[in-house]
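Written out below as structure tokens is the structure these notes cover.
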Amino acid sequence: MESSSSKGGFKVLIIGGSVTGLTLAHSLDKMGVDYRLLEKRKEIAPQEGASIGILPNGARILDQLGLYNAIEQSAIALGTSDVYFPDGFHFTSSYPKRMHDRRSFAYPIAFMERRKLLEILYDLLPDKSRVEVDKAVSRIEEHPEHHGVLRAYTHDGDVYEGNLVVGADGVHSRTRREMWRLSGSSPTGDVPVSERNSTSVEYACIFGISDGIAELTPGRQVMRFGNGWTLAVIPSRQGQVFWFIVQKLDREYQYGSAPRFAPEDAAEQCSKLARLPIHGDVRFDDLWQRRKAVNMAALEENVFQTWSCGRLVCIGDSIHKMTVNLGQGANCAIEDVAVLCNILHHALNEKANSELSDQDVEALLRRFHKEHFPRVSRVYDMSWSVTRVHARDGSMRKFVGRYVAPYFGERLQGRLFNLMADAAKIDFLPLPRASRSGWEEYRSSERNALLWASSLALLIVLIALFTGRSYW
């Protein structure tokens, strides 16, 4: 416990020890704020067969926290992406290289094993005693005697206390359910049933890691778009290949009713792509036969409207969940940490040694939502669209993917660069790397809005010419 040296004795309980929770732990440590992290799993970094993309918006924050150098040594930076279509047409995109260009963002689009990232985030914590595993939270309550304190009860009977509880426990968040329950007795009213049931599932993903194949070049991504599915292959370092298949399901499901998948389901789906060419003579079956880890899961999609109640707030996948195609799930969660900590840092400094009242905490959490909700919604909307263009879901999206992106990609990529440049950072920590012009050049502005409008107009004209229909 470090309450004597923390800011005003303020303590944060973090529920969940994945990327979001561990990043928050590092940020709170930099702030000098006491915390305790509770992870329900028996280990911090289990093997789940998944890779993770670290994009410039997440990388910049991790660099501010002193973590990126270790990550960079284990990750593979993408240089190009070879994109293939069902009719045999293919093109090579330099979008990843442009993102990393010295005139852009200084950080690449990089991939690494998710388990390795978790190991780095945990190993570099200054005080690992603040992290406890096998601590599944069963309920959260207000302290019956001490005002301004919440209690988290774990399955083994332990009780933990904090002035702020942050749910970083993923899409199946127990913290979110407790927030909904507590909101029923809040003056602001209950969370409506329509919001509680707003998460949908239309896609599933098979994540895999295979032993390397000599014909596949590290850092040269291969993407194949099919009707209703997308395959991405990322050859990495240390003789590994990361890959994933995003598959459209038979219908749209509501959260809770989506199918659960067994290893046999993944094997059945992958067998259908066995003869699919990857590069040269390499077929997908070559990756499957060399698999080291495989997992299949539903891909939930939603941005919840309600993020907090009283002294309890949710971040990361517990409040916004998107598909993997854009690679922004974890990176957006890292931004959550930056925005929340910026606001908390300001509030604690304003109060000096005084306690943050209920009104203070509720105000800062409302500010967190107000400032960050538009950003999260924008990232979510783009992720939603990219996934469906990749899966060729509908005639218009087929047209955009096949006939617009290959030829007008650089103009349309400006929107992705805008998305990156508008990202949050930690305001109270320095930027370790020299600022690159991309962060300012591509930040949303009237000029960039006009450029995007002209690109959209071009797209509409092309679609009209192709379909013979007017969209004006």
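Backbone N, Cα and C atoms are what each Cβ position is placed from, and that goes for glycine too.
Classification of Glu39 (FAD binding site) by DSSP places it in coil, neither helical nor stranded. Marked as FAD binding site by Swiss-Prot on the basis of similarity to another entry: Glu39, Gly53, Arg114, Asp317, Ala330.
For Asn197 (N-linked glycosylation site), the same-chain residues that are 6 or more apart in sequence and have a Cβ closer than 8 Å to its Cβ are Gln254, Tyr255. In this structure, Asn197 (N-linked glycosylation site) belongs to neither helix nor strand by DSSP; it is coil. Among the features that Swiss-Prot reports, N-linked glycosylation site is placed at Asn197.
Marked as signal peptide by Swiss-Prot: 1-27.
Swiss-Prot lists 448-468 with the feature transmembrane segment, giving sequence analysis as the kind of evidence.
Counted over all residue pairs in Glu39, Gly53, Arg114, Asp317, Ala330, the record's binders of FAD, the longest Cα to Cα distance measures 23 angstrom. Of all the binding-site residues given, namely Glu39, Asp317, the one with the smallest number of surrounding CB atoms inside 10 A is Glu39. Around Gly53 (FAD binding site), a 10 Å sphere centred on its CB holds 22 further CB atoms from the protein chains shown.
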